[in-house]
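Feature annotations, courtesy of TrEMBL:
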TRANSMEM  21-42  transmembrane segment
TRANSMEM  48-68  transmembrane segment
TRANSMEM  88-107  transmembrane segment
TRANSMEM  113-135  transmembrane segment
Amino acid sequence: MAAGLKSQLSHLFLLQEAQKPLVAVILLSFVLAVGFLLIILSCALWQNWLPLLVAITFVIAPLPNALFSHCGADDFSGSFEPTGPVDLGRFLTSLIVVTGFAFPIVLAHSGVINTSACVMSIVGGGLVYGTILAYSQAFKQDESDFE
């Protein structure tokens, strides 16, 4: 009886471990949908579609990091410090992220969009970018060929 209970518990534990990526994908997709909903609502409620550029900005933001992250030193160089292309990728990513946060503020300050649309656009853009970062960290694959 105890062996059967033990095997059932180990089977349940294995099922829970297998469902963790599925739960992460469902949670991240929900947060991403809320972020895009806030951005689209910030456009639709005030009939001004300029805050939609924030969504494009935050979707493009991780691309320089993804492209330049593989330009670093190899395993045999002995140097673990980031190289020039890696730093350039980080700089371009930070530039795009700051632009994504600053663009609605500039539009609201100049009177082109409403202040509420600015806040909704910034919160939605932050959710979109945070979701992309969380997804890339949660499902990062190790580059080792021997494991």
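Glycine is no exception: its Cβ is also placed from the backbone N, Cα and C atoms.
Scored by C-beta pairs under 8 angstroms, the transmembrane segment (113-135) has its highest count with 21-42, from the stretches 21-42, 48-68, 88-107. Sequence-distant contacts of the transmembrane segment (88-107) (same chain, at least 6 residues past either end, Cβ-Cβ under 8 Å): 50-51, 53-54, 57-58, 60-69, 71, 82, 113, 117-118, 121-122, 125-126, 129.
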